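Notes for the one structure printed next.
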């Protein structure tokens, strides 16, 4: 900013001068400090320094600056005088008098604005000078000058918005559409809805909500104000008019703005109603309810019906008549309105009547109204209970549980109330059935068994609860429907020990024997079908599934000789589950019966063989069988000799009187069993006479040595066989010369077991109450039962059969204590 210039005088002096090299700005920097050095030209030179401080003085080179050049403020129109509008702020960078600012209004603003506002020249505060009115001038524009004495002052603009205050009351302008008579509108009571009466215009000088006007009537009248535009409303009818109700209306129309608080004004509209003949006859109630007992006398008066009419003169004269829906038998007097019934009523035919009665006035244009008459005919106990059927037939399954539902007896009574309350009861059959006295549900008090009784019949009595009770009766028959609860029972063959002889010369297609079974059920439950389920491996025999005839299918060859066991199954066609039974049919293919004992042995083996195996599957060839017989005979003979020697020696060494008695008993012909056992057999025979159904009398237990062959596992243990059987169950052949039962004194049976039998040696001992470890129970087939029911093998049936003729049960009952 500064430089140093040297000026030499004529005398040779040097004068330093400080030169300003750049423009100075005090507002930027107002003080400069510099060091000045002077130096001579000697050697070494000498110098001296001085400090120079330069201060820049102020010049009025800056205009005032407003903080805000444009300001907008809101002032309510009711602001009192002296209210601050805004405070302007301006600054000047100069100093002293150069920085003194003066505020003033510009001459460009209107005189009216200058009258309303004032400004402080020193502080710049603008205030309200006179009251404001938004409705006259809502906005004022102020131009404010700020000057520091220079020729160019600064300018700022202030916009003053005068805000509205709800200070104006709405105004109402009424223009009538209908003609006025003395300031009153005349309107007929028949005027239709929406009839226009006047146009109402409302205004408000205020703004926004303060100028928003609503128009309404101050009380409930049949007129309304319908908005047309924002500030216009139509006064029109909103409901039918009635001269008889209101003859004149003074409607006060109120206009109210939405300011806070709201301001309102009102105007009156007077309307007079002109009378017309518009009233119909009026009944005191909309519905008339009557009652009369049935069986009434014709001509009985019911009620006097009356109506009123608000009109006068002939318009109020009322004539009564029955409506078109009125039934025959009723009449009404046209002047008095007396309603009567002209016939005898029957409640059971029609209990309720509903019809209308018309009341018509006598005007030039008649008006009419009607009332509904509802007549209830009261009941009398003139009807007896009625069953829906004179006889009921119910069908129930025989397995219906105790107190299960058999059926429903429906009874009605044409009467009503207590006269129709019917109580049911059973006259006969109370021990077997019960009936609900109210609902009529019949339930059994017993369990059914169709095979014992297939139907029940009794009478049900129905009594009503009227004062003079009436009674009816109905017959009920309950039919027991069969359920497949009986298994088929074989009748033929009568025994599983029997057999039939089939000669070798029998031709194919011949019937060799037949089976026959019965089923105590009925229908499909008793329809039986026969089938062979085992014992005919190569189809030598076949059975007719319907008749049970067993026929020879192929020619008999040498290999077919011997005993054949057919496992025959009979099943019924019952639903949902079929029941069945199984029997054994033995056919001995040979020309003659030469050795009955051999056949009986074969039958015994057949019973020991499981049903799923054929009785000839494990048999050896005749040659091998002969060798086995010889070996067994030698062994049996040797063991017999040794046993006899041992017993003889033992008896001689320890002979006692008791042994002598026993030996004497043996010599007298007793076989196997001691005398005590013999007495037991006699008792059992007597018991058999008392219970002829039991075919199994006495049993012996035959123990067989356990075989090592696993295929013979089913015959291990002990085998219970009957000792005495009924003679007729052994077949259809005559056994006069050969014993037919395994009796203890049978010499042929004893001989068989003591001979060289090809079967394993058996030890025969008396039956004891101790059950053996394993049994093969064989049951004799009685005349009224089957040998096996639904079992696959003899071994299974022995443990699970529930047949009353099973061997195990008989043993338990017959074993002595």
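The backbone N, Cα and C atoms fix where each Cβ goes, and this holds for glycine too.
Not measured: the values here are computed from a predicted model.
TrEMBL assigns the feature region 'Disordered' to residues 658-692, out of the candidate ranges 658-692, 693-727, 728-762.
Per TrEMBL, the range carrying the annotation region 'Disordered' out of 774-795, 796-817 is 796-817. Of the given residue ranges 602-626, 627-651, TrEMBL assigns the label transmembrane segment to 627-651. Residue counts for the domain 'Cadherin' (187-283) under DSSP, helix first, then strand, then coil, are 4 helix, 50 strand, 43 coil.
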